[in-house]
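Chemist: As annotated by TrEMBL, domain 'EF-hand' applies to 6-41. Here TrEMBL flags 229-262, 339-372, 373-406, 407-440 as repeat 'TPR'.
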Amino acid sequence: MATRGSRSEKVKRIFQQFDANRDGGLNREEMSALVVAVNPRVKFSDEQINAILDEVFRTYSGFIDGEKGLTYDGLLQTYDDGAGDVDRDFDALGLELEDNKGVSGVSEASSSSIVDERAIESQKKQRTAAWAVSPNHGIVFDDTWKMVDDLEILVKRLKAKQAKDGKFKADNFDAYSDAGWSRELGPSAEISEKRVFWEESGHDYAVFVKELGVLRSRADGARSREEAFDGHMAIGRVLYEHQLFKEALVSFKRACELQPVDVRPHFRAGNCFYVLGRYKEAKEEFLLALESAEAGGTQWAYLLPQIYVNLGIALEGEGMVLSACEYYREAAILCPTHFRALKLLGSALFGVGEYRAAVKALEEAIFMKPDYADAHCDLASALHAIGEDERAIEVFQKAIDLKPGHVDALYNLGGLYMDLGRFQRASEMYTRVLAVWPNHWRAQLNRAVSLLGAGETEEAKKALKEALKMTNRVELHDAVSHLKQLQKKKVKANGTNGEGAFIIVEPSKFKTVGEKTTLRQDLATALHIRAFQRITRLSRCDVELLKKEMRENDVPVSYSGTGVPQKSIRKPNLEEILRRLLIFLKPETSQGAVKAINERILSVLDETGLGRVDLGMFFAILAPICSGSLDKRKRIAFDALLWRPQNEGGSQIKRVDAVGYIRLLRAIYFPSHGVSERLELHGETDASMVSFNEFLVMLDDPDWGFAIISTLVKLETGDRNRHGRHVCSVCHYPVVGSRFKEMKHNFSLCNYCYSEGKVPSTYKLDEYKFKEYGSEAEAMKDKCMCFTLPSHNDNS
């Protein structure tokens with residue numbers, strides 16, 4: 001990445017190129033010529049050009065110099081805010097950097113404040129970063145300059161001492177995927193893409209902090225509150241530039257105390273909090289900055305898009321992706337050329353499962369910045385999600401061409417090749433991931449699976465063992481055991497792979513022995529719901545928490561298009577409730593849960609597509625799959641329906657609501673059903689009421705109710721049970737959960753193979769009789785019963 005110095009020189013050359021009348025500003029005609037020139041492949045209409053210019057001149061009104069137009073500072077600020085890419089535009093114009101003499105000539109021709117300041121005091125340009133002389137963020141008082149000079153010396157001294165002792169580290173993160181990071185967050189654009197790690201526990205650092213304290217005291221002792229604020233902001237900015245984020249935060253917080261309604265210290269403090277991994281506090285600071293900016297009229301209009309972007313990033317850090325989408329969208333509306341806002345919006349939409357909207361936003365970002373590797377990577381992932389696999393491969397490859405060590409693109413392309421059955425190509429991708437990130441255990445595991453798919457069993461076994469060294473997870477132990485079983489089968493079958501030697505039997509041929517044995521179709525549905533529980537972690541959420549939310553949530557009543565009163569809530573607000581319910585989740589796991597809930601539940605409940613959800617119905621839908629006793633889940637589902645405005649205050653609910661609820665449950669949770677079943681309800685006018693006991697009868701109906709909940713609870717309580725050395729006769733994995741034993745031929749199936757109707761191809765029968773064992777103890781007890789009762793069976 002170019003240094004800030006070379007970036008500013010490039011912006012100067014661009015500015016000079018289009019300042020045709022040399023008045024130090026870009027008027028609308030000159031700015032229009034710039035926009036067209038740096039986008040040679042785009043055919044803008046007059047309306048589009050005018051819309052872009054209106055937005056630029058409104059957003060950067062603080063940089064408009066009367067009739068002259070946008071100053072150099074304003075153009076520089078647009079690039080700093082991510083509204084354009086300096087290097088791309090510079091290259092597109094075919095410009096070259098001039099020597100120092102030529103640059104100074106440009107400066108004399110321009111009347112922008114930053115250039116005037118540099119012409120008056122050229123030393124300032126050399127001794128500090130360009131931000132220090134900008135009209136909106138820069139240094140105002142002379143004494144502050146002195147403090148900045150002293151601080152630069154202190155930092156230089158600390159760096160020299162730590163480098164001498166071998167404690168100063170700068171790790172290059174170029175190989176890793178950018179998190180869509182705004183230029184105002186993390187290491188800024190004014191330094192290289194290397195993260196600096198300071199040794200904070202040594203004597204040298206303690207001396208530095210002590211000397212820094214003296215500088216802060218000098219700032220506090222300034223002649224006025226404004227000068228003290230100027231000093232602390234400048235100290236914070238210098239520290240931030242050198243990635244001394246903890247110390248920078250102290251200065252910005254002090255500046256917040258001095259001028260609580262100023263946007264800048266809150267904004268800067270939020271950036272520091274984020275880099276330090278303190279996302280909640282970052283969010284709070286950005287909200288304060290947003291409040292101040294909106295109250296300050298047009299003064300802070302140029303910074304509003306960046307506040308929205310950084311607030312969205314902080315919310316994502318907390319796992320609040322639906323909320324983040326709202327702020328990225330606001331930033332993109334305020335600044336349509338902000339390609340980072342569009343990329344972040346697209347990535348967040350992908351993160352919540354809204355793939356087509358994600359594709360649209362990411363394509364827009366790439367249209368503005370064709371070399372945006374991260375945007376290409378996320379676009380390819382979204383294309384894969386909507387089934388456009390060949391195009392996804394091309395876009396992934398483009399991301400890798402732009403950034404050969406792009407871990408996310410390599411890993412996700414490997415997954416796409418796996419889905420397509422191209423195992424050799426998949427293993428190549430995972431090998432490239434491991435070359436960049438050697439301890440990426442998931443890549444190692446997937447490499448093993450892809451090698452297995454390609455028939456390279458020995459290599460797969462080695463890869464599995466490597467993955468096992470990286471993480472001692474039980475799934476990997478099972479995978480190793482599975483491979484051993486396959487090798488035994490291979491030997492027995494004279495070189496043919498034993499896996500896959502099965503047939504799928506129609507459901508009518510599967511018979512059950514005993515009342516406790518689950519029907520094959522019921523188990524398939526319950527496993528489907530159980531998988532959703534695992535993704536969302538709702539099986540760890542106490543159902544009583546839903547009751548608590550209903551008790552403590554004062555949701556205003558609104559009216560839908562049909563005039564039915566509802567306690568409806570916007571999706572981002574609903575996400576806050578989910579975060580409380582799933583507070584035990586890490587942010588990245590929480591994102592996965594929200595995505596699954598949005599795809600499976602909210603997409604069905606938000607019939608109008610307006611982004612609002614009936615909260616009572618939402619709680620009722622969640623209740624059956626939360627943790628707690630079966631009776632308690634049913635009771636709270638009923639209470640949630642009672643909590644809705646049309647039933648509130650009574651002890652009964654309308655029959656039509658109960659029927660609608662059950663149909664919604666089946667549409668959402670049954671894999672073979674869909675929203676069409678829900679649509680059958682419209683037009684029903686049954687006004688009768690049902691009590692809780694009548695509701696239970698409806699819910700437990702095996703044909704059109706939700707009786708599957710009993711099977712689900714059975715799965716929850718036994719899905720960690722292991723059955724000694726028993727392995728499934730079809731997939732050869734150790735049997736975990738229930739074991740289904742075929743009583744005549746004595747082979748065993750796991751939950752999944754039984755639910756899919758798979759049996760070993762050696763047993764082609766007209767009928768199969770299965771008995772379910774929840775544990776090995778049950779099987780042993782059954783075996784003993786058979787030994788003790790033979791004479792009774794013979795007589796009968």
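Glycine residues also receive a Cβ, built from the backbone N, Cα and C atoms like all the rest.
What TrEMBL says about a protein is an automatic prediction, not a curated fact.
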Chemist: What is the number of residues in the repeat 'TPR' (407-440) that are helix, strand and coil, as DSSP sees it?
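Modeler: So the repeat 'TPR' (407-440) is made up of 27 helix, 0 strand, 7 coil.
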Chemist: By DSSP assignment, list the helix, strand and coil residue numbers for the repeat 'TPR' (339-372), in that order.
Modeler: 27 helix, 0 strand, 7 coil
Chemist: Give me the DSSP three-state residue breakdown of the repeat 'TPR' (373-406), ordered helix, strand, coil.
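Modeler: Counting residues per DSSP class in the repeat 'TPR' (373-406), I get 27 helix, 0 strand, 7 coil.
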Chemist: Count the residues of the domain 'EF-hand' (6-41) that DSSP assigns to helix (H, G, I), to strand (E, B) and to coil, and report the three numbers in that order.
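Modeler: DSSP classes over the domain 'EF-hand' (6-41) add up to 23 helix, 1 strand, 12 coil.
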Chemist: What are the helix, strand and coil residue counts for the repeat 'TPR' (229-262) according to DSSP?
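Modeler: Output for the repeat 'TPR' (229-262) reads 27 helix, 0 strand, 7 coil.
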Chemist: Please work out the mean pLDDT for the residues of the domain 'EF-hand' (6-41).
Modeler: 86
